[in-house]
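As recorded in Swiss-Prot:
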- 1-30: region 'Disordered' (REGION)
- 14-30: compositional bias 'Low complexity' (COMPBIAS)
- 181-203: region 'Disordered' (REGION)
- Trp217, Tyr224, Gln225, Trp226, Arg308: substrate binding site (BINDING)
- Asn267, Phe268, Tyr269, Arg370, Val371, Asn372, Ile373, Asn374, Thr375, Arg376: 2-oxoglutarate binding site (BINDING)
- His278, Asp280, His334: Fe cation binding site (BINDING)
Amino acid sequence: MYETEEDPTTSNVATTNNEKTASTAATTTEPVKKVTEFMRVQRLFRQVTKSANGKNIPKEKREPIDYSPVLDFHNLENNTEENKKLIIDCTSNVTTHDFEFNRDTEFYLHPREWKVYGLQGYPGFYFIKSPFTASQQKKWIKHALEDYADPPNNNNITLFHGPIKNLWKNGEKELINEELKSQGKHDDDEIEQPTRPLDKNGEPLPTYRQLLDKLAWSTLGYQYQWTPRLYSEEFYEEFPDDLQELVQKIAIATKFDPYVAEAATVNFYSEDSIMGGHLDDAEQEMEKPIISISFGSTAVFLMGAETRDIAPVPLFIRSGDIVIMGGRSRYCYHGVAKIVENSFDLGLIDENDDQDLKYKIQWLKEKNRRVNINTRQVFKVPKLGGKLINKNE
């Protein structure tokens, strides 16, 4: 879940308004917030964007970030000696024989082709190196933008403005219009103009394109209630069958079955996004893992401990990678320190894709965006909509 990180180097200072008596005015300073080890590591990947005089530093002149401490499951030999000691090859532990994957699927590769790693000191943590082809990744990206962000699911925009239907489809129309205008080919009679969206009070909102750029998260299944931090049967929407099948197959292959995804958060990161160290502990069922799947740009993910006072392990998560946080890691702080600059997976770009898919990939690439889908079982005994797939299907 999201958490806002306050800058502990910034203190609130209250002074008298009477400048003439400033020498005798009482000044109070609130205690500086402790910089935890989690925050210290997170800040290693924070780029300085302003000079001492407050002016913006051009991107090309900024001090580059040192990514050498980041563990990389994709390039094992490029890791530091310290990080190499943390990597456990768990590929042989993947279950491929206890049941038959009898039918081919358009959504993922067969588990016998998966490469799976663990992390020393974190039993129950698994990293699956992307088990998707580029076309399979784009099917999930399409779902995330078209289906998962639309009503009846909640997102950060509809939470305040009410349901907004067809956010992507209308945003895409405006994106096409912008492109045609830039090429001098725009003709209002030929291009369908989406009606300006209205909020729940009937007041006009920004354009769909502007709203789309503000999209940060959406929720599936049980709609997480952010303020009280709970799930309620009162707020439930049907969980997508294909996503349910995918995460259950992942759970079976990594011996976390039976597993029923009852809720998911879909996060939409842009190049400047981070996520502070947090726990996912609102679920009644904590023995089942969080299954997290990412597409688009590369992130520096921080796998922490049960307290923020222990330094987390930074690791790269690339497009298509899956992280499974079970066992000890289910109870540990974690977050996203950085979306790596210019890291969008260029393998997702294909001139043979249809125009709609091209625009989705273009939208992700233009702001170095990342889509993350993370699922969890909420109750010890699955309730509304909870169902197990047939292992032998």
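Cβ atoms here come from the backbone N, Cα and C positions, even for glycine.
The binding-site residues listed here (Trp217, Tyr224, Trp226, Arg308) include Trp217 as those with a Cα within 10 A of the Cα of Asn267 (2-oxoglutarate binding site).
Of all the binding-site residues listed here (His278, Arg308, His334), the one with the fewest other CB atoms within 10 A of its own CB is His278. When the Cα positions of Trp217, Tyr224, Gln225, Trp226, Arg308 are compared pair by pair, the longest gap among these substrate-binding residues is 24 Å. When the binding-site residues Trp217, Tyr224, His278, His334 are screened for a Cα within 10 A of the Cα of Val371 (2-oxoglutarate binding site), the ones that qualify are Trp217. Considering only the residues assigned to 2-oxoglutarate binding, Asn267, Phe268, Tyr269, Arg370, Val371, Asn372, Ile373, Asn374, Thr375, Arg376, the longest pairwise Cα distance works out to 20 Å. Cα proximity to Trp217 (substrate binding site) (within 10 Å) is found for none of the binding-site residues His278, Asp280, His334, Thr375.
With respect to Arg308 (substrate binding site), the closest of these binding-site residues in Cα terms is His334, chosen from Tyr269, Asp280, His334, Ile373, Thr375. Here the CA atom of Asp280 (Fe cation binding site) lies 12 Å from the CA atom of Trp226 (substrate binding site). The least crowded of the binding-site residues Trp217, Tyr224, Tyr269, judged by other CB atoms within 10 A of its own CB, is Trp217. Ranking the binding-site residues Tyr269, Ile373, Thr375 by Cα distance from Asp280 (Fe cation binding site) puts Thr375 first.
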